[in-house]
Amino acid sequence: MGLEKSLVFFPLLVLLALGWVQPCLGRESSAHKFRRQHMDSEGLSSSSSSPTYCNQMMQRRKLTRGHCKPVNTFVHEPLADVQAVCFQENVTCKNGQTNCYRSGSSMHVTDCRTTGSSKYPNCAYRTTQKVKRIVVACEGDPSVPVHYDGSVEDST
């Protein structure tokens, strides 16, 4: 009799446990979100110079869900080089936090900005390639980029 009760309650316990665990499994980490939104290491090819690069990448990376994200930047450098920025010059973030870092050297980036005629769901972007020093917010142990805070022109 006790075994029968256990067999009835065990599936219920499993379902209850999955209900708690599943939302955690589906949540994207800040570091993964940064990579999805801003990293395109292979993009330093002819494809990133295409006028439709931003239109394609913004959709592919799911940055146009529910609205047109007005501005986004893709970095065309190896992930290790971008992660290394977290150990370079510490600067104050735009929001006043102190966990931002500026790259010591310039990096290839593509800026995507909505055009004047862009209206959801038909998001349209202007593609501009640049070479700039980037600023990222970093968190964790080891410290990794979790937010793209901007870029700065070289002072040389």
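Just so it is clear, glycine is given a Cβ too, placed from its N, Cα and C backbone atoms.
Residues or ranges marked as active site, proton donor by Swiss-Prot on the basis of similarity to another entry: His147. As annotated by Swiss-Prot, substrate binding site applies to Lys33, Arg36, Lys69, Pro70, Val71, Asn72, Thr73, Lys94, Arg113, with the evidence given as similarity to another entry. What Swiss-Prot lists as disulfide bond is Cys54-Cys112, Cys68-Cys123, Cys86-Cys138, Cys93-Cys100, and the listing cites similarity to another entry. The signal peptide annotation in Swiss-Prot covers 1-26.
Known features from Swiss-Prot, placed on the structure.
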| residue | record | Cβ contacts under 8 Å, 6 or more apart |
| --- | --- | --- |
| Lys33 | substrate binding site | Val146 |
| Cys54 | disulfide bond | Asn72, Thr110, Cys112, Arg113, Tyr125, Arg126, Thr127 |
| Cys68 | disulfide bond | Thr114, Ser118, Lys119, Tyr120, Cys123, Ala124 |
| Val71 | substrate binding site | Asp111, Cys112, Arg113, Thr114 |
| Thr73 | substrate binding site | His38, Val109, Thr110, Asp111, Cys112, Ile134, Tyr148, Ser151 |
| Cys93 | disulfide bond | Asn99, Cys100, Val135, Ala137, His147, Asp149 |
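Annotation note: Cys68 (disulfide bond) sits in a coil segment as assigned by DSSP. Cys138 (disulfide bond) sits 22 Å from Lys69 (substrate binding site), taking the C-alpha atoms as the reference points. Long-range C-beta contacts of Lys69 (substrate binding site), restricted to its own chain and to partners at least six residues apart, with a cutoff below 8 Å, comprise Met58, Leu63, Thr114, Cys123. The Cβ of Cys86 (disulfide bond) lies under 8 Å from the Cβ of Tyr101, Val136, Cys138, Pro142, Ser143, Val144, Pro145, each of which sits 6+ residues away along the same chain. Annotation note: Arg113 (substrate binding site) sits in a strand segment as assigned by DSSP. Pairwise Cα distances among Lys33, Arg36, Lys69, Pro70, Val71, Asn72, Thr73, Lys94, Arg113, which the record gives as the binders of substrate, peak at 21 Å.
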